[in-house]
Amino acid sequence: MIILGFESSCDETGVAAVSTQRGLLAHALHSQIAMHQEYGGVVPELASRDHIRRVLPLAAEVLRKAGLSFADLDAVAYTAGPGLAGALLVGASVAQAFAWARGLPAIPIHHLEGHLLSPLLSEPRPEFPFIALLVSGGHTQLMRVGGVGDYELLGETLDDAAGEAFDKTAKLLGLGYPGGPALSRLAEQGDPARYKLPRPMLHSGDLDFSFSGLKTAVLTRSKSLQAEPGGMSEQARADLAAGTEAAIVDVLAGKALAALKQTGLNRLVVAGGVGANRHLRRRLEQALQARGGRVYFPPLELCTDNGAMIAFAAALRVQAGLADLSGTGHAFTVHPRWDLQDVCARAA
Ligand code: ATP
Ligand code: MG
Ligand code: FE
């Protein structure tokens, strides 16, 4: 079965073709980062309009790269939420239009399920069950994943997400948007031990997170550095960036290991944009090796939003018998706020 998937929940337009037998056939992506940069964050209306401009050329590109025509498609999939309502509606409407035109089933996908299952696009593929550390721009969650559609939330952030912590502290340090990659680059030149920063909730005894206190600590520290004669030096900025990254990585790694201990599992899957962070990757690789386990990541370019993870999640749901393939109703909806538990197969 060949599925064409669409992602448009935020500021990336992604399209991909996945075969249930052969895996990912082709994908194409357009990031709106440059467009939103001058506003310091995503402008929803601009995002929706740009998705409209990009989505059809990207679909054509994917079909061309995969050597497919519309007649080869067996189903379409789209991100139905969570995300920006207007942005979601673009991918959903285009997917539905394809479905109606060709009499295909359209499979709505939860964006986080896409992130969560994306490490299964890499080799070696993790076996179920595993612990998933989902660290994106909007979410920080630890989950026990028993199988496709079997997601048990073990803990999550009480305030900012890990990606948000990167983005907001980067902004404080005068780095661009999105801040994660920029902060991480600056941190390479810094000394993580120079400024003492908090590791919020690291020893709280549960699997929840909190990052807003860290942001405040960085703000206070950078204000006092700026107030010094000559302002904040380049080296001080790099040291503060390194300290921030180290604090976030310490907390994420500490809690992920606690989740493994608590569940007795030895496989950790990391998904979401912050999973691209090199320090986090290295730290978790070392930690899992030390306990005879293994950590799995999505392919680097599929850590942030993309269409491949959406088409792929749809393929896995089809294989697990969890997708409604019965037909093409004329009503569809998007869910700007949507709990992952709502797409779980298990009765709560
Ligand atoms: P969600 O999936 O929760 O709706 P999102 O789709 O905006 O949020 P992603 O696209 O998964 O999030 O990830 C984007 C986030 O990842 C941003 O906050 C960005 O700063 C962060 N990020 C990307 N690369 C890195 C990196 N190398 N180091 C740290 N953070 C990074
Ligand atoms: Mg994004
Ligand atoms: Fe995302």
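Keep in mind that glycine also has a Cβ here, set from the backbone N, Cα and C atoms.
No curator has checked TrEMBL annotations; they are predicted automatically.
TrEMBL lists 24-312 with the feature domain 'Gcp-like'. Annotation comment: TrEMBL describes His111, His115, Asp305 as Fe cation binding site. Annotation source TrEMBL lists substrate binding site at Leu134, Val135, Ser136, Gly137, Gly138, Asp167, Gly180, Asn277.
This view paints the features noted in TrEMBL onto the structure.
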residue	record	contacts (Cβ under 8 Å, 6+ apart)
His111	Fe cation binding site	Glu7, Ser9, Thr79, Gly81, Pro82, Gly83, Asp305, Ile310
His115	Fe cation binding site	Leu134, Ser136, Ala271, Gly272, Met309
Val135	substrate binding site	Ala161, Ala162, Gly163, Leu252, Val270, Ala271, Gly272, Gly273, Val274, Gly275, Leu280
Gly137	substrate binding site	Cys10, Ala161, Gly163, Glu164, Asp167, Pro178, Gly272, Gly273
Gly138	substrate binding site	Pro82, Ala161, Gly163, Glu164
Asn277	substrate binding site	Phe166, Gly180, Ser184, Glu245, Val249
Got a sec? Which of Leu134, Val135, Gly180, the binding-site residues, have CB under 6 Å of any ligand 1 atom?
Gly180
Starting from the Cβ centroid of His111, His115, Asp305, the recorded Fe cation site, name every other residue in that chain with its Cβ within 8 Å, sequence order please.
Glu7, Ser9, Thr79, Leu112, Gly114, Ser136, Gly272, Asn306, Met309, Ile310
Local confidence of the prediction over the domain 'Gcp-like' (24-312), expressed as mean pLDDT:
96
What does DSSP assign His111 (Fe cation binding site), in three states?
helix
Through the lens of DSSP with three states only, how would you label Asp167 (substrate binding site)?
helix
Any idea of the Cα spread of the substrate site, Leu134, Val135, Ser136, Gly137, Gly138, Asp167, Gly180, Asn277, as a max distance in Å?
16
Tell me which binding-site residues (Leu134, Ser136, Gly180, Asp305) have a Cβ under 6 A from ligand 3; sequence order is fine.
Ser136, Asp305
Counting every protein chain shown, other Cβ atoms within 10 Å of the Cβ of Asp167 (substrate binding site) number 24
Simplified to three states, DSSP reports Gly180 (substrate binding site) as helix
Close-lying binding-site residues around ligand 2 among Asp167, Gly180, Asp305, where CB distance stays under 6 Å:
Asp305
